[in-house]
Amino acid sequence: MNPLLTVSNLSYCKKDKSWFAKQERFSLAPVSFELKAGETMAIMGENGSGKSLLAKLLVGVARPSAGEILLNGESLHDKRQRFQAIRMIFQHSKESLNPALTLGSLLEEPLILNTDLDARERKRKIEETLKLVGMLPEHQYFYRHMLSEGQRQRVAVARALILNPQVLVADEPFAALDPSVRSQTVNLLMKLQRDLGLGFIFISHNLGIVRHISDRILVLEAGQLVESGKTDVIFNWPKSDYTRRLIHAYQALISRDD
Amino acid sequence: MPKSSFYDEEFYPSPVRQTWNEFQRNHIALAGLWCLGFFVLLVLLGPWFLPFGPLDQNTDAILLPPAWDANGDVTHLFGTDGIGRDLLTRVVHGCQITFGVSFFLVLLAMLVGCSIGAYAGMSHGLRASIINHLLDAIMAIPTLLIAIIIVAILGTGLMNSMWAITLALIPQFIHHTRDMVRGEYRKEYVTAARLDGASDARIFFHSILPNMIEMLVVKATMALSVAILDISALGFLNLGAQSPSPELGAMLSDALETAYVAPWSISLPGAAIFLMVLSINLVGDGLRTALKNRVNQ
């Protein structure tokens, strides 16, 4: 089976142009990986290890210094195609929704910009997508502040899904949620992924969730790729000290809970 | 179809509705809004109901006191001035000129200021800085002084004073718009819109502008009261609207000669200016508080 997403030697180096400011360089060493359709990949690492940067490079918020991203073996030159195929779920669902717009107009925007649907078809698509993530069609008239945190997360997912993407990139989608809503969201995402056959890349500090849903893991440390492999392998036989430390910290937490 | 409210018991107001609810709690501001509404109606419909023209002279009734005075006459409700012109008519027409002109001034200043500010906010580096501070020099000089300079160059007249006041109002709109756009631009929802494939212009009009409207309304009311005061001050100094025109400031300076004999001819236009500015300030202040409360909720 051909890989859905191929990332080869993707790297990023921030050049500081300012004359006076401290020379603070943030970079990501060349990273390569492949993602198959229906596969889930987790990105792990400490704060500031370049996880979010990698996610930004994947969705196109930041421009990589070198390397390329291939979707189904084709290079992503067409911006429109890229925005459609790779969608992002933000960490803070609250901030990623515009407070002055109804959910309907929020969800309509990607459709207007990326598809040729007319107004009626757009409305139907919005209603379908809202139902898909377990909300009601009436929610399209709601504003951001009327929703609970879990509903906002669902809207964020709906926004990502509305263009029928092939890859979903999520930056700590579960961090701000309480445990019950978190497991709801996890189940929702797993179900959607199974139904729609998406490739799913997510960043998480919660190794419990990582172990639960991911097929493969990518471990980053200070912009360097430390380790990557199958979840079972990484959790049971970590090769590097760093990974071992991360996993150990998690297991210490679990055993204390018991 | 009968609309049952069984399931709508939890009512969720939109942001604009929320601001309105907050605004309604402030009764003084609400009174200001009624007063402002009255002035708007007066300006729009008033001249149609008046029997006299603003320049018509009734030589039989010179310096007639208002109708509530013992010597007054009900045909001239507010009395007449030194050459027999009906004061009520002149005050209504004066409100029309002063209020209407100020309204358009603010609208124009807002349009220009917002476009420049938005452009400055969306661009980066030296260019943004230059655009942002382009008209800052004007802020260092009081509005009236700028107006006087412009009038000194171009000559007196309502039109010239209008230009001067517009020019003086623009920089604050530039700065507020730019700061707001800068602030909003960093927020995640703009990044999300960009990932939807939105261009810069679309991001501004569809994502940022809906969030800015309330701030703009507040700033516009503040600018409106400044504009009214400046227009009438210039008229009073004989630098703006000239004598026969019923502009409120010009009426005041006209009536100055007969102020001792006919105090009503100076107090009524003065009261009109006072009430207009007061009501606008009350509304502006109420809106600002409502907005602050809504954002802090």
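Cβ atoms here come from the backbone N, Cα and C positions, even for glycine.
Look at TrEMBL and you will find B:28-50, B:97-122, B:134-155, B:216-241, B:261-284 tagged as transmembrane segment. The domain 'ABC transmembrane type-1' annotation in TrEMBL covers B:95-284.
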> What stretch, picked from B:97-122, B:134-155, B:216-241, B:261-284, has the most CB pairs under 8 A with the transmembrane segment (B:28-50)?
Replying inline: B:261-284
>> I'm a bit unsure how to read this: which one of B:97-122, B:134-155, B:261-284 has the highest number of Cβ pairs shorter than 8 Å with the transmembrane segment (B:216-241)?
In response: B:97-122
> What parts of the chain pack near the transmembrane segment (B:97-122), using Cβ distances under 8 Å and only residues at least 6 beyond its ends?
Replying inline: 39-40, 43, 128, 131-132, 134-135, 158, 162, 165-166, 169-182, 185, 200, 204, 208, 216, 219-220, 223-224, 227-228, 231-232, 235, 241, 245-249, 273, 276
> What else in the chain is close to the transmembrane segment (B:134-155), if you only count residues 6 or more beyond its ends and a Cβ gap under 8 Å?
Replying inline: 116, 161, 163-165, 167-172, 174, 226, 230, 233-234, 237, 239-240
